[in-house]
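Per TrEMBL, transmembrane segment is recorded for A:6-24, A:45-66, A:78-100, A:107-127, A:147-171, A:183-204, A:210-228.
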Amino acid sequence: MIEGILVHALVCLEVVLVSHLLAMKMFTKYNHTDERYLISISFGLFWFLLGLSYLCIGLYLIIAAYHGTSQISSTLLYWGFSSLALITAPLAFFIIQILIGDKRVSLAASCSFMMVGLIFIFLLFRYGVDVADIGSWSVDFKMHTLLLLIFIYGSYIPAIAMIMALIPFVALKTISNLRKYKITMSLISLSLAYDFTLLGVMNIGDFERLLFDVMILIGALIAYLGYFPPDGIVEWLRGPDTLVEPVDFGKWDDDI
Amino acid sequence: MTDGIDPEWELEVAEFYRSLGITQGPGDVQYRLIALVLAKNGVGRLTRFSEIREYTDRVTDKGNIGSKMKTVFQLQGLVKRIGRGEYVLTEKGAIAAEFIKKTSKYYSEVKLTQKIIERFP
């Protein structure tokens with residue numbers, strides 16, 4: 001038994017717990033007649049797929065910690081990467097639907113990233129992932145360069161560009177602190193998830209990969225706290241000025 | 001906003017400013033339409049009252065326009081009356097019209113931003 005890998009697996013399973021809890025809450029946050037229903041679903045789907053990926057990787061690490069690597073446990077690694085390859089599709093729908101508001105455009109963008117993900121999965125099973133060695137904290141693997149390039153240029157860079165498109169809204173003076181908090185937290189969480197997923201896929205270091213997954217766990221927690229903040233944060237962000245009746249801006253009011 | 005003047009759009013913009021408590025100038029659809037029609041013809045160019053009415057009659061009470069021309073536009077020197085129902089825009093009036101155009105742009109930006117923010121789950 002390798003304790004370090006079990007610790008790593010535990011971190012992965014915590015990512016699963018937080019991201020799936022967030023996903024379930026996002027799935028049920030709005031009624032299907034609400035304009036934000038599909039946007040909420042797509043955000044939830046993003047975290048669900050990330051959680052699914054970490055579930056497979058976590059189980060893979062548990063098996064590797066006790067029995068070493070095998071063909072059966074490697075299947076879990078393939079499933080994990082497959083799930084990871086598809087996360088940009090719901091993210092594209094989420095961001096483009098917020099910015100443009102046209103379902104056809106959002107779906108088209110989402111489908112194109114789905115195609116990139118499917119190509120990644122096809123090539124993943126074609127070229128395979130070589131499991132090189134079991135370290136103290138992680139399992140070393142080697143992915144084909146083409147797969148890395150597809151992940152970087154077909155998934156990571158477009159996703160970061162889309163996330164950056166939402167940054168200007170954080171600086172708006174006409175929205176409440178609570179809404180700014182929600183937007184900021186979701187952008188930070190998405191950035192953390194993507195950045196450290198990329199570093200994880202690039203297979204840098206041994207202990208470092210545990211740290212990358214800790215950062216993804218922090219990202220998932222930030223996302224959860226962003227959408228479902230504790231009452232203390234809500235009261236602090238609202239401040240005493242909102243005790244005065246606010247200007248009627250309809251949906252501009254915070255809806256948390 | 002296109003080069004043409006859309007009274008319905010100007011009414012929508014004016015209603016937005018009225019909702020903010022700005023009832024004069026940008027929040028006054030009559031003021032908006034008069035300034036824009038005058039600006040369409042340009043500084044020092046003749047604008048007939050009937051031309052202004054073509055736009056204002058669609059969205060506002062026709063009786064008030066003459067009064068607005070006298071009490072606001074003529075009094076403040078935004079237009080010069082050169083004959084019966086004939087006016088020319090002054091440079092000061094052109095500044096007012098430019099401001100009105102900018103308020104339309106600001107409203108468009110606010111509306112776009114508001115819609116994006118509303119869609120954020």
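Backbone N, Cα and C atoms are what each Cβ position is placed from, and that goes for glycine too.
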Out of A:6-24, A:45-66, A:78-100, which stretch touches the transmembrane segment (A:210-228) the most, going by CB pairs under 8 Å?
A:6-24
Can you tell me which recorded stretch out of A:6-24, A:107-127, A:183-204 has the most Cβ pairs within less than 8 Å of the transmembrane segment (A:147-171)?
A:183-204
Looking only at residues six or more beyond either end of the transmembrane segment (A:107-127), which have a C-beta under 8 A from one in the stretch?
42, 78, 81-82, 85-93, 96, 144, 146-147, 150-151, 154-155, 158
Below 8 angstroms Cβ to Cβ, which residues of this chain, lying six or more residues outside the transmembrane segment (A:183-204), approach it?
43, 46, 50, 81, 84, 87, 91, 140-143, 148, 151-152, 156, 159-160, 163, 166-167, 169-170, 212-213, 215-216, 218-220, 222-223, 225-227
